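J.: I have a structure here, written as C-alpha cells, and I will follow up with some questions on it.
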Amino acid sequence: MASSYSFLFLHMLVMFFLASIAFSDLSDDFYDDICPQALPTIRRVVEDAVRQERRMGASLLRLHFHDCFVNGCDASILLDQTATIDSEKTARPNNNSARGFEVIDRIKSEVDKVCGRPVVSCADILAVAARDSVVALHGPTWEVELGRRDSTTASRTTANNDIPTPLMDLPALIDNFKKQGLDEEDLVALSGGHTLGFSQCSTFRNRIYNENNNIDSTFASQRQANCPRSGGDSNLASLDPTPALFDSKYFTNLVSKKGLLHSDQALFSGGETDELVKTYSTNLRTFSKDFAKSMIKMGNIKLLTGNQGQIRVDCRKVN
C-alpha cells in the first residue's frame, strides 16, 4: 500500500514538474532581448487594420479564439490545405467566415523585417493581435505571456467537434468550455467578446423565426428584415448595438432577450449563468477585468513551447 502511495505521489510530482516547465517557457518579456520592436510592430499593424475596417478587430479576436479551441493556441488555424495538412479553414465554424488572415500575413512580414529573421511565432502573433484589437476598440488590456511555438499539423475534424456552435444550449456550452479547462465565468466573460463584430444570417435564422419564448418580438422582426427564411445566408447583423466598441451592451441585450445567437441567449435563460450576465450588464469594469483574466487563461491552452513545434517562416504553411 505504501509503495502505491509513493508511486502516485511521484507521478503527481512529475506531472506538476512538466506543467511548470511548459509555463516557465512563457514570459511577457520573451522578445525584449531578441527583438524589442516585435510587440510595437504588431500593435501598429493591428491599429492600422482596425482603422481601415473596424470589423477587423472582432475578426482577429475570433481567430485567436478558434485557434485555441482546436488542440491549443498553436496557430493551426492559419495553415492552408495541402496533401498533408487538413486545414481548419474549411471546417464548419470557419468556412467563409474566419477572416483576417491577410492582416496576420502582414504582421508576420513586418515583424520578421524588424527582427531580421523569423523569431516571433504565428501563435504569439495571434495572441497579441487579439489583445491589441480589443484595446483598439476601447477595451481592456492585459499582459500576454509569450513564447508559444507553432504547430506542424491542423485538424478540420477537431475544429468541427471542439469549436462551440451558435446552436448550443447552456449545458453544452459549459461542457464545451470545461473540455478546454475553462469554467462558467470564463464562458460568460469570453462570450462577451460578442460585444464586437457581426454574425451571418445562417447562424441566427432559426432563432429569429422559430424561438418565440426567449426572444424579443420586435428584435426578431428587425433581424428578419435582413435575414429571409431562405437565401441571404451571408447577410450580416451586429452581435450587439455597438459592434465596433467594447462595452457591456451585449449583456444588456441578453437581459432584454435580444441575444442574436441561440448560444448567446442561452447564457441568460433561467440557468446558472444568469446572475453573472446581470452583473456584467451593469458593470463594465467587472466585465472588462474578468474578460482580460479569461483571455489570459484561454491563451494558455495546450501550448507548444521550448523545442516543441517550430517558428514558421510563413504562417500559412509548415517550414
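Using the three backbone atoms N, Cα and C, a Cβ is placed for every residue, glycine included.
Just so you know, TrEMBL annotations never went through curation; they're auto-generated.
Checked TrEMBL, it gives:
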- 1-24: signal peptide (SIGNAL)
- 25-319: domain 'Plant heme peroxidase family profile' (DOMAIN)
- C35-C115: disulfide bond (DISULFID)
- H66: active site, proton acceptor (ACT_SITE)
- C68-C73: disulfide bond (DISULFID)
- C122-C315: disulfide bond (DISULFID)
- C201-C227: disulfide bond (DISULFID)
J.: Roughly how many Å separate the Cα of C201 (disulfide bond) from that of C122 (disulfide bond), to the nearest whole number?
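T.: Taking the Cα atoms only, C201 (disulfide bond) lies 31 Å from C122 (disulfide bond).
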J.: Looking at the disulfide-bonded residues C35, C68, C73, C115, whose Cα is closest in space to that of C315 (disulfide bond)?
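T.: For C315 (disulfide bond), the closest Cα among C35, C68, C73, C115 is found at C73.
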J.: What count of other C-beta atoms do you get within 10 angstroms of the C-beta of C68 (disulfide bond), across all chains shown?
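T.: Taking every protein chain into account, the count is 30.
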J.: I'd like to confirm something. Which of the disulfide-bonded residues, C35, C122, C227, has a Cα closest to the Cα of C73 (disulfide bond)?
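T.: Of all the candidates listed, C122 is nearest in space.
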J.: Enter the number of other CB atoms within 10 angstroms of the CB of C35 (disulfide bond).
T.: 18
J.: Mind giving me a neighbour count for C315 (disulfide bond)? Other Cβ atoms within 10 Å of its Cβ, every protein chain shown.
T.: 23
J.: Taking the Cβ of C201 (disulfide bond) as centre, how many other Cβ atoms lie within 10 Å?
T.: 19
J.: Going by Cα-Cα distance, pick out whichever of the disulfide-bonded residues C35, C115, C122 is nearest to C68 (disulfide bond).
T.: C122
J.: Can you check which residues sit near C227 (disulfide bond), meaning Cβ under 8 Å from its Cβ, same chain, 6 or more apart in sequence, and list them in order?
T.: C201, F204, R205, I208, N235, A237
J.: Hey, of the disulfide-bonded residues listed (C73, C115, C122), which one tops the CB count within 10 A?
T.: C122
J.: Would you kindly give the Cα-Cα distance separating C122 (disulfide bond) and C35 (disulfide bond), rounded to the nearest Å?
T.: 15
J.: What is the total of other Cβ atoms whose distance to the Cβ of the residue listed as 'active site, proton acceptor' is within 10 Å?
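T.: Result for the residue listed as 'active site, proton acceptor': 23 neighbouring Cβ atoms inside 10 Å.
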J.: Measure from the CA atom of the residue listed as 'active site, proton acceptor' to the CA atom of C122 (disulfide bond) and give the result in Å, rounded to a whole number.
T.: 14
